[in-house]
Amino acid sequence: MGLYAAAAGVLAGVESRQGSIKGLVYSSNFQNVKQLYALVCETQRYSAVLDAVIASAGLLRAEKKLRPHLAKVLVYELLLGKGFRGGGGRWKALLGRHQARLKAELARLKVHRGVSRNEDLLEVGSRPGPASQLPRFVRVNTLKTCSDDVVDYFKRQGFSYQGRASSLDDLRALKGKHFLLDSLMPELLVFPAQTDLHEHPLYRAGHLILQDRASCLPAMLLDPPPGSHVIDACAAPGNKTSHLAALLKNQGKIFAFDLDAKRLASMATLLARAGVSCCELAEEDFLAVSPSDPRYREVHYILLDPSCSGSGMPSRQLEEPGAGTPSPVRLHALAGFQQRALCHALTFPSLQRLVYSTCSLCQEENEDVVRDALQQNPGAFRLAPALPAWPHRGLSTFPGAEHCLRASPETTLSGGFFVAVIERVEVPSLTGQSISTRTHTQPSPKEKEETAKSRSRCLHTALHIAEAPG
């Protein structure tokens, strides 16, 4: 199924209440889920505008075989998107017959409403806020390449590399074909807002992962060394899992759990494209996983990113109007599940460090969950200070909450996010002695030296991958 037909199918499913945009995108079997998701969200955002233009132009009367949802997607691409992708095929020819009339009707609508820009046609709730102006963050997949080679590739394509950013203002100022290395995140490149890399050969070959800045925090702060055994408790769609594999250098084991079979299938495709070979996927409820199972006796690290309200995700408003302010009943149910999952994770006997994260802004899902879990395990675990240079800290709702991290479009130029790093106060050893865990703040001198050596060995191979398979 092509991109436009898949997008039309998702829109029809949302209208008939078969599911959310994200759920229907993942169940569509379309390979590039991010491209499909972006197209559906933008078409949905302009839905009322597109309906008005299509009706005024008489498109469906003239093309009786053209279904309404497909027409909406195609007209979005023609008038508001980036043009037909991959040539457009027969759809480009079909819309070409009506192009002049459609453009005229869009121009007439602007005059009627007294606006000059397309986005000014939107209702207030659908207009882009700060999130739409966020830079495009791109994580270099070190399982397949290195930052130096990726930077060289983009420079050969006419991009201008500006070095490492020194502040958020550097990121805000990005324009045109300029890009930077993030000030705090290793291997994270930053491009101007609205930069579309979904069709870029490096992305399609798995050398690049399109991942929000805050979404890179959990794996980076968990920081499992190569050879470790790690649990990714609620793993789909898989970007964080692929990040963990890169940190492990594919050495060790990731046990990844998720209950949604279709999301796991999409995740398997993503991990294969990223070159991940150390991950074992399981369609299983993490709460049903036994900490005493011998398979997990060497698990020292757990990443827990459970289902949440998504109140920090601007795109969620398109799927579920009002999702930014979840009801008290829903919030209570989510927080209950999150607390059970976190307390369950803390029962794994060899656990040394755990990262708990959500894409929620709600205290009930964040600081409150962490506080209650620590209170249920007095003296056993502590909040570790995380990334002191990060500007947005946890809400001061209990002692030590400032060690947690928060993110938002306004303060960190990312989606809304929460992260807490929890470490065991004493890790039991086989000799009966206790081993204190290290606090993740900044790399040690030895780690910095090893990183530098690794980068110096990075072969400037590769990037003749325009024909490489995804």
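Note: Cβ is positioned from N, Cα and C throughout, glycine not excepted.
As written in TrEMBL, here are the features:
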DOMAIN    126-425  domain 'SAM-dependent MTase RsmB/NOP-type'
BINDING   Cys234, Ala235, Ala236, Pro237, Gly238, Asn239, Lys240, Asp258, Asp285, Asp305  S-adenosyl-L-methionine binding site
ACT_SITE  Cys359  active site, nucleophile
REGION    432-457  region 'Disordered'
COMPBIAS  432-444  compositional bias 'Polar residues'
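Distribution of TrEMBL features across the structure.
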residue : record                               : Cβ within 10 Å
Cys234  : S-adenosyl-L-methionine binding site : 21
Ala236  : S-adenosyl-L-methionine binding site : 26
Gly238  : S-adenosyl-L-methionine binding site : 26
Lys240  : S-adenosyl-L-methionine binding site : 26
Asp285  : S-adenosyl-L-methionine binding site : 13
Cys359  : active site, nucleophile             : 21
- Note on the structure: Asp285 (S-adenosyl-L-methionine binding site) to the residue listed as 'active site, nucleophile', Cα to Cα, whole Å, comes out at 20
- Query: Rounded to a whole number, what is the top Cα to Cα distance in Å among the residues the record ties to S-adenosyl-L-methionine, namely Cys234, Ala235, Ala236, Pro237, Gly238, Asn239, Lys240, Asp258, Asp285, Asp305?
  - Reply: 19
- If you average pLDDT over the domain 'SAM-dependent MTase RsmB/NOP-type' (126-425), what do you get? 92
- Task: Between the Cα atoms of Cys359 (active site, nucleophile) and Cys234 (S-adenosyl-L-methionine binding site), find the distance and write it as a whole number of Å.
- Result: 13
